[in-house]
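Going by Swiss-Prot, these are the annotated features:
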ACT_SITE  His35  active site, proton donor
BINDING   28-35, 147-150, Val176, 184-187  ATP binding site
BINDING   Gln59, Gln153  (R)-pantoate binding site
BINDING   Gln59  beta-alanine binding site
Amino acid sequence: MESLQDRAALLAWRKRQGHQNIGFVPTMGCLHEGHLTLLREARQRCEQVVVSIFVNPTQFGPNEDFDLYPRTFEADWALLEAEGCDALFHPTVAAIYPPENPNLTHVTLPALAGMLCGAVRPGHFDGVATVVTLLLNLVRPTSAFFGLKDYQQFTVLRSMVQDLAMPVEVIGIPTVREPDGLAMSSRNRYLDAPARAQAVALSQGLNRAYHAYQEGLHDATALAHLVEQTLRQAGIARIDYVAVRDALTLQPWQGKGAPVVLIAAHVGAARLIDNLVLGAQPIPSVTQE
């Protein structure tokens, strides 16, 4: 596996690959089975796979966990090498955001970026969209792979690729879960034993909504109430939102098309997100020719 630490090294690596199909998996490190599932899917579909590890400061708010975010580079390297990753791009902050150019262009998606997580984390999705645009322009992959655990992020990036006619396929991979249903996340490391026991209520609430939907409950407010009730019964008091939205647009669900239930809640020291699409309609990948 090649180590690429700056833009020049990445561009030189990309030039050597010529017209091969390139799969790209952007991450912030602290890798777990969810990330490795993305890599394996890229490995199956593409001739070369590059992973990035970059804890992006512009997607963290002033009172969030940028400095505390777990960084496990040596363990991450070993996992990627064992999985057959071809190249790892692990730049410094200065390599991505040159200090001599403080007024960099920013990418924003006002409609999608200001709702749900964007409403409680102002600027978060602008930071995500900007860094992913830059990474896609540097890597120039055939396909980019994202987990659907962060459903709003996937929707934001899929919309961005469509709107800007970027020549890349955006592929969403289903959430990987622990045996008890908890969605895998790097922030699960923040959970102590009592919080870990509470956290499973997120997936339990989603399953409760799923079964109610299948049995004919198609009222968005009632479905959200079921989920919130499950969280509060587990002792989770700080809930940012429980929302039922259209699975394709993230607009409020009006009873047509597939609904997705989205949760953001604080459990112990961690802010956790999860979601579940209740209908049968799949979430398509996006390809721009």
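Each residue, glycine too, has its Cβ placed from N, Cα and C.
Taking the features listed in Swiss-Prot, we show where each one sits on the structure.
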{"residue": "Met28", "record": "ATP binding site", "DSSP (3 states)": "coil"}
{"residue": "Gly34", "record": "ATP binding site", "DSSP (3 states)": "helix"}
{"residue": "Gln59", "record": "(R)-pantoate binding site", "DSSP (3 states)": "helix"}
{"residue": "Leu148", "record": "ATP binding site", "DSSP (3 states)": "coil"}
{"residue": "Gln153", "record": "(R)-pantoate binding site", "DSSP (3 states)": "helix"}
{"residue": "Val176", "record": "ATP binding site", "DSSP (3 states)": "coil"}
{"residue": "Ser186", "record": "ATP binding site", "DSSP (3 states)": "helix"}
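Gln153 ((R)-pantoate binding site) and Gly34 (ATP binding site) have their C-alpha atoms 15 Å apart, to the nearest angstrom. Per Cα geometry, Met28 is the residue among the recorded positions Met28, His35, Ser186 nearest to Gln59 ((R)-pantoate binding site). Ranking the binding-site residues Met28, Leu31, Leu148, Val176 by C-beta neighbours within 10 Å puts Leu31 at the top.
The separation of the residue listed as 'active site, proton donor' from Leu148 (ATP binding site), Cα to Cα, is 11 Å. The binding-site residues in question are Gln153, Ser186, and the one with the fewest Cβ neighbours inside 10 Å is Ser186. Neighbour density for His35 (active site, proton donor): within 10 A of its CB lie 26 other CB atoms from the protein chains shown. Taking a C-beta cut-off of under 8 Å and a sequence gap of six or more, Gly34 (ATP binding site) has these contacts in its own chain: Gly147, Lys149, Thr175, Val176, Ala183, Met184, Ser185. All protein chains included, Gln59 ((R)-pantoate binding site) registers 21 other Cβ atoms within 10 Å of its own Cβ.
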